Every structure is written in C-alpha cells, then in structure tokens.
Amino acid sequence: MVETHKKKIANLTQPIVSFYCFQVVSVLVAVVLLLSVSRGECRKGRILEALEYSAISCRAHSASLVDFGGVGDGQTLNTKAFQDAVSELSKYGSEGGAQLYVPAGKWLTGSFSLTSHFTLFLHRDAVLLASQDISQWPVIKPLPSYGRGRDAAAGRYTSLIFGTNLTDVIITGDNGTIDGQGGLWWQRFHGGKLKYTRPYLIELMYSADIQISNLTLLNSPSWNVHPVYSRNILIQGITILAPVRSPNTDGINPDSCTNTRIEDCYIVSGDDCVAVKSGWDEYGIAYGMPTKQLVIRRLTCISPYSAVIALGSEMSGGIQDVRAEDIVAINSESGIRIKTGIGRGGYVKDIYVRGMTMKTMKWAFWMTGNYGSHADNHYDPKAFPVIQGINYRDMVAENVSMAARLEGIPSDPFTGICISNVTIHLAAKAKKVPWTCTDVEGISSGVTPTPCSTLPDQGPEKTSLCNFPAESLPIDTVELQKCSYGINYYP
C-alpha cells in the first residue's frame with residue numbers, strides 16, 4: 001500500500017525539482033506522481049531517480065533547496081536559502097512533517113537551525129561547505145552544565161547545523177557530505193586568536209527522537225556530532241574524517257543524553273572517536289543531568305593521539321549504563337579510557353565493553369583520576385568522582401606498547417573493575433612493565449599478560465565472569481520505516 005502526497009508546498013518557483021515522500025509497507029513500487037499546479041492543471045512528471053532509505057519517520061511534504069534560491073556552485077552563500085526553507089517547511093509539522101532535499105552540488109552555508117518533524121536529506125553528490133566568514137556563525141551562551149566555553153571563557157559559535165527544543169528530527173542522506181573546512185578554525189585555536197569556542201558540525205539541544213545517519217562528515221572546526229540534554233537518539237552509518245593532529249575533532253559526543261544508539265560508524269579523528277560527557281565541575285554537578293542508557297556497536301576508530309571510547313573528562317553529571325560491543329581500534333592511543341579528577345564529582349558506573357579488537361595501541365586500557373583542567377577556580381576540591389562497576393571482556397589486542405595504565409585517586413579508589421578473557425600481544429619494544437595499577441580494586445580471569453595484584457585472577461573457569469546485560473535498552477526497540485522519494489523534473 002502506498003500513501004501518496006495530497007498537498008503541494010505553495011509559492012515555489014516553476015520549473016522546479018520536486019521531491020516526494022511516501023511510506024512503503026513492503027517494497028518500493030514504481031509510480032507516476034502528479035503535481036497540481038497553481039491554476040488547477042495537472043501534468044505528468046518524469047521520474048529521474050528514486051531514493052529509498054530507513055528512518056524513524058517519513059514525511060508528507062517535501063521541497064528542494066533550489067526552490068528557495070539555493071545555488072550549488074561552491075561560491076554562492078546559501079545560508080538564507082536554508083533558513084527560508086526550514087521556516088517554510090516548519091508550517092507542515094502538524095500535517096505529516098516535511099523534508100528538505102539537498103541535490104548534487106557544493107552548497108556553501110553558514111549556521112542554520114532545524115525545526116521539528118523535519119528531515120534534511122543530502123544527495124550522495126551533495127556537499128555542504130561551511131562558510132569561512134565568521135559573521136555567518138552567530139554566538140550563543142555557554143552550555144549551562146559547562147559554565148563557560150571550552151576554547152574561551154565567553155560564549156560559543158553556533159554549530160553549522162543546529163537545533164534546540166525539537167522533536168522528531170532527521171539528518172540523513174545517500175552518504176552526502178558535510179565539510180566543516182576547519183583549517184581556519186584550527187589555525188585560530190593554535191594561535192590563541194579565538195574569542196569564542198569553535199563551532200561543531202551538528203548540535204541538537206533539549207531535543208527528542210533524533211536520527212543522524214548515512215553521512216560523511218569532514219574537517220569539523222571542533223567536535224563533529226554533539227547531542228546534548230536530549231533523548232532517544234539514533235546515530236547510524238556515519239563516516240567522520242579529520243586529520244589526526246587536528247585539535248579536539250572528537251567524533252560523536254553524547255552529552256547529558258538518555259537512550260542513545262551509535263552503530264556502524266567509521267571515524268578517523270584528532271581526538272576521541274566517541275567521548276561520553278555530562279558537564280564540567282561545579283556546573284555539571286549543579287545541572288545534574290547524566291548520560292545513561294548508551295549503546296555503541298560496530299564502531300571502527302583510528303585515533304593515534306586519543307581514545308576509541310572515552311568516558312569523561314567532563315562527567316560531573318554522571319555516566320551510567322554504557323554498553324559497547326564489536327569495536328575495532330586501529331593505531332589509537334587507548335581502547336577504553338576513563339578520564340576524571342578531583343573536583344569533577346559525578347560518577348562513571350555500570351560500564352560494559354565486549355568483543356573489541358585492537359591493533360597498534362599505546363594502551364589497551366587507561367583510567368586516570370588526574371586528568372583535565374577546571375572550568376574556573378570555584379570548583380569543589382572535595383568533589384570526588386565515583387568510578388565503579390567497569391566490565392571489560394572478550395578482547396584481543398596486537399602490537400600494544402603497554403597493556404594498561406590504571407590510576408585511581410588516593411583515598412578514592414576506582415572499584416568493581418572486572419577484566420576477563422582478554423589477550424594482549426605486546427609490541428617488540430613494549431614497556432618492561434605491561435600493567436601499572438594504583439588505587440584501583442577489582443578482579444580478572446583469563447587475562448594475558450597477567451594483570452596487577454590488585455586485580456587478582458579468579459581462574460580460567462571464570463573467563464565469562466564480567467557482566468554484560470542481557471536485556472535490551474529502549475533505544476534498541478526502535479523500528480525504522482521505509483521512506484521513498486521520487487525526484488521529478490518538470491520542464
């Protein structure tokens with residue numbers, strides 16, 4: 001059964017490239033779409049291309065960026081075209097939602113905001129180019145759980161694609177590209193010339209029911225994908241590429257978010273591939289919004305100077321119930337890293353990682369209680385973090401310089417650490433001592449080389465000792481719909 005369009009978005013210039021959405025129950029069928037023109041006439045369109053993809057919602061209305069004056073020549077600024085398109089399509093939120101189609105071309109733009117019940121779809125040959133004009137990046141206040149910007153104490157530049165207080169938002173495509181052209185920002189950062197914190201590529205705040213999928217993200221000025229204070233988030237099939245020495249180009253950073261799923265992503269980064277966060281020092285403690293119920297699976301990461309999965313260091317609101325599996329780490333500094341320090345407060349607990357393959361690493365595991373700077377001098381020196389219930393199992397690592405560096409906090413040890421069925425093959429020039437452990441407590445089973453005495457071996461019969469929850473999280477029950485669009489040209 002096919003549900004076709006019944007309404008046309010008004011006031012669009014003819015001729016146009018129209019973009020239609022309908023929901024398909026079984027398979028895509030060939031159709032001829034009819035468009036009612038302003039005089040009440042109908043004429044048949046020729047289908048040039050049919051697109052089908054999976055999404056949390058399909059849309060009843062659609063338009064192309066060219067309908068709003070967009071020019072994809074790589075030189076014409078399209079910020080207003082994006083803003084006008086989103087404004088017009090926002091009118092259809094209560095009528096089945098709307099989609100904005102970005103066709104093949106190079107679309108130069110500054111920051112623009114999305115709306116609810118909305119899909120931004122990039123053609124496979126579409127490239128969004130971030131403007132190098134600083135005036136195209138509005139400045140907004142720091143995040144309340146951080147108290148200040150990360151690069152500078154004042155505000156922060158709005159992300160290229162931004163949204164706040166939204167519901168049902170999809171950013172997807174046929175592997176279209178978003179290029180942050182971050183070189184200018186990296187130079188300003190290294191030169192100490194930033195008045196405000198660098199923008200991210202995608203940031204959605206205070207939002208729910210989010211899908212970000214099937215895109216390539218290049219050269220972000222800073223973090224790539226940053227959902228914050230949000231819930232019910234699906235990030236799927238994303239490729240993220242940045243020079244390995246580019247500053248703070250984290251891949252995906254869920255921050256004070258609940259019910260998030262990250263899967264089937266490939267990331268090459270100058271910082272952590274996935275960094276789980278929840279606020280900074282006293283600001284994060286006061287805001288009190290944890291990141292919890294997070295699933296990470298089928299992630300491949302290359303990050304020579306940072307971690308594949310990092311927890312912290314801004315974790316003052318708490319991090320709980322993180323489940324990662326089927327992870328591939330290549331030429332990265334550390335596989336799993338927990339970063340915190342005195343003054344952070346908060347907690348990192350109930351962390352489960354299994355099925356990880358690591359090749360050419362500095363450390364397989366790194367935990368430290370002596371990491372990171374503070375937001376300001378008003379942090380509480382008595383705010384000790386709680387690190388407990390850390391479970392790693394079923395892993396193989398090759399060409400590793402050091403198996404683990406585990407450093408808790410004196411008088412505040414990291415507890416409940418469990419490592420089982422892990423084989424680490426050391427590099428030819430590995431450290432003489434493969435494990436260092438201070439102020440940590442836990443157990444191990446079937447681990448090579450033998451861990452520290454503070455992680456006593458429980459015997460080979462208990463190699464499945466460390467927990468991994470059997471029950472699914474709510475985000476795993478989300479079922480995607482088949483959405484299909486026919487791109488038609490009307491001469």
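Backbone N, Cα and C atoms are what each Cβ position is placed from, and that goes for glycine too.
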Consult Swiss-Prot and report the residue, out of Asn11, Asn214, annotated as N-linked glycosylation site.
-> Asn214
Give me the Cα-Cα distance between Asn175 (N-linked glycosylation site) and Asn214 (N-linked glycosylation site), rounded to a whole Å.
-> 5
Taking Cα atoms as reference points, which of the recorded positions Asn165, Asn214, Asp271, Asn399 is nearest to Asn421 (N-linked glycosylation site)?
-> Asn399
Could you give the Cα-Cα distance between Asn214 (N-linked glycosylation site) and Asn399 (N-linked glycosylation site), in whole Å?
-> 32
Using DSSP reduced to three states, classify Asp271 (active site, proton donor) as helix, strand or coil.
-> coil
Could you say whether, by DSSP, Asn175 (N-linked glycosylation site) belongs to a helix, a strand or a coil region?
-> coil
CB contacts for Asn214 (N-linked glycosylation site) [other CB atoms within 10 A, all chains] = 22
So what sits near Asn165 (N-linked glycosylation site) in its own chain, CB-to-CB under 8 Å and at least six residues off in sequence?
-> Met205, Tyr206, Ser207
